[in-house]
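To keep things clear, I will list the structure first and then write my remarks on it.
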Amino acid sequence: MSQGGFDTSSISGLNPAGRAPLAEAGVGGGSVAEERHSAPRANLPARTSASHRQPPSGGSAIQSLRYLVPYLRRHRSVILLGGVSILLTNVFQVWVPWLVRQAVDHVQAGVTRVALARDAGLILAAVLFQGLFMYTMRMTLIRTSRRMEYELRKDLFDHLARLPASVYRVRKVGDLMSRATNDLDAVRDLLGPGIMYFANTATTLVMAVVLMCRIDARLTLLSLVPLPIVSILMARLGARLYLHYEAIQASFAALTAKAQETLAGIRMVKAHVEEEGEYQAFRALHEDYTEKNRRMIRIMSAMWPALSLLGGISTAIVLWVGGTQVVRGEITLGDLVAFQIYLGMLLWPMVAFGWVTNLFQRGAASMGRIRAVLELDVEDDVGGDGKVPTCGVAIESGAAAASGAAVELRGIGFHYPGTERMVLRGVDLTVRPGESVAIVGRTGSGKTTLLNLMARLYEPTEGTLLLGGVPAERWSRGAFRCRLAVVPQDTFLFSDTIRANIGFGFEDGGTRPQPGQRIPDADMPAPDVEQAARRAGLAPDMARFPQGLETILGERGITLSGGQKQRVALARALVLERPVLLLDDAFSSVDPATEERIIEALFAGERHPAILLATHRRSALLHVDRIVVLDEGRVVAAGTHAELIARGGLYADLYRREEMVEELETL
């Protein structure tokens, strides 16, 4: 791929109506971009227009649980096997009391030891088969719930990765982490133990009641008198449990967000001696979380004794009425023993339904919170299959539809979602292949916003953005962004090796190495990384790093200085060798001498990418081909450095101010 321009071999593939007729083009309506992960996505409702709204709590429990249907359907054969195992487990379970009934009657009748041995053998065989099918039941259903948890977590992460940047301006990372961990655990408990124990207890209940009726229907009806009370109790407490658990999860999300925020900014907290203030803020959130859990515990504490009491009433009824029937000879002693065992089997379902109700209410509340995130609109990156491309695929397909131009803005206006104030107004700008353009302006003039629009992190409110002469709407976002290399204002580095950080955006088939693992030469030749590091001014530092480029950085690159972080980020962009390079104040923490060397290396050679940089540093301004001056979101001047200095005005004032600042720094 040429650094200086775009492949123009197939520009005729675009039609005048603004649609790309070729599915393989990577622009417009279709894309054959490959999915990064092989596991299939669930058939979740597709949302494709950008949105910045916050996720609501998640709606009704039924609506939330419907989101799980595609996952359940995908594993229906295994779930069916688990269901058969539940049925067979309970067949052998309820057979045991029937065999005990027969054995007790045999003892009372004084049968031979051979007959008793046969009864004991049948009971033992029934218990063994019950254990075998119970093992199969747990292995199929619990393992399947883990698999569904994995798929749901993968889909949630994939969805989070495809959300527009506007969402992350209003969402707290800690809240999203809570939904992806704590809430998913609750959903897994619903899909595994929740479904398994519900089916198991329901089957036990039906089979036991049928056999109890065979022994004595009147006694069965009397023993089941408390059951309607159980149903009423579960219905009323279940609704309260749902609301309480939803509040608990929201409180836990706030607690997680606060912890994440404090730990991420721990150096700032210590610098301002605010440890006590942060502790008190965290303590208040923790007390709120604890109090909400106490309320849940109070409900559960009342529910369990109530269920046990109702079970005890049933036992007392059976002993009184059934014992009287044995004395009268209406039923045998074996009948009473079997009946009592069956009643004991019913006591567990009565109690288990309370626990299962808790699992379902917790899982439904948590699924509602996850659903709220899954319903946030994602970027309409590619075609209707919802797959996100690897950069290699997007570059190959997108280049076929590009023209010789680089980046162009026509009448661009923009305001952030949720606000009405225009940040940019009527911006016209063209950057030709191989040209370097600097954007200069006061703080808040719209420089960073302009670069974010060029990277399609946001869409213009008005006007047209073109890449290679093609309107942005006719490019998929993946193909569009794969023509750009970006160095943002806020440098982010991963807790990984310097080499892996530099190679983060490289076309490696969608895989990243583990920390400390050297990237294979077939995926990323080491000379490319080292050359990019040298061009970014890292050569003097490479010898001082303990393990050179294999040195593992701390979280967010905390072990590096601000200037070193910016140079690693610059090397990350340079190694991609893409035709357009966007630099957002990328040298603000670099000393002037090092910056001068980087600028010279950046512009060296006849062919370099089209460069657009937001900066106020003199060394960069003196090297660029053209300078554009922004003021309150409008272009107020444009030209070379010499032309703008000669005109005076805002640029001359900003330049002289920067000149004085740099002179003071050298004193």
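Think of each number as a place in line: the chain as shown, counted from 1.
Glycine too: its Cβ is placed from the backbone N, Cα and C atoms.
Under the heading region 'Disordered', TrEMBL lists 25-59.
Taken from TrEMBL, the feature transmembrane segment covers 78-100 (among others). With a threshold of 8 Å between CB atoms, the same-chain residues lying at least 6 positions outside the transmembrane segment (78-100) that come near it are 72, 119, 122-123, 126-127, 129-130, 133-134, 136-137, 140-141, 144, 196, 199-200, 203-204, 207-208, 211, 334, 337-338, 341-342, 345.
Annotation comment: TrEMBL describes 80-362 as domain 'ABC transmembrane type-1'.
Annotated transmembrane segment per TrEMBL: 120-137 (among others), in sequence order. For the transmembrane segment (120-137), the list of distant contacts is 81-82, 85-86, 88-89, 92-93, 95-96, 99-100, 103, 196, 200: same-chain residues at least six beyond its ends, Cβ to Cβ under 8 Å.
What TrEMBL lists as transmembrane segment is 195-215 (among others).
What TrEMBL lists as transmembrane segment is 221-239 (among others).
The transmembrane segment annotation in TrEMBL covers 302-321 (among others). Beyond its flanks by at least six residues, the transmembrane segment (302-321) meets 219, 222-227, 229-230, 233, 237, 336, 339-340, 343, 346-347, 350-351, 354 of its own chain at Cβ-Cβ distances under 8 Å.
The annotation transmembrane segment is assigned in TrEMBL to 341-360 (among others).
The average pLDDT computed over the domain 'ABC transporter' (407-657) stands at 82. The domain 'ABC transporter' annotation in TrEMBL covers 407-657.
Proximity of distant same-chain residues to the transmembrane segment (341-360), defined by a Cβ-Cβ separation under 8 Å and at least 6 residues beyond the stretch ends, is recorded for 61, 93-94, 96-97, 100, 189-190, 193-194, 197-198, 201-202, 204-205, 208-209, 211-212, 223-224, 226-227, 230, 234, 237-238, 241, 300, 303-304, 307-308, 310-311, 314-315, 318. Below 8 angstroms of C-beta separation, residues 82-83, 86-87, 89-91, 93-94, 97-98, 101, 137-138, 141-142, 145, 223-224, 331, 335, 338-339, 342-343, 345-346, 348-349, 352-353, 355-356, 359-360 of the same chain, each at least six residues beyond the ends of the transmembrane segment (195-215), sit close to that stretch.
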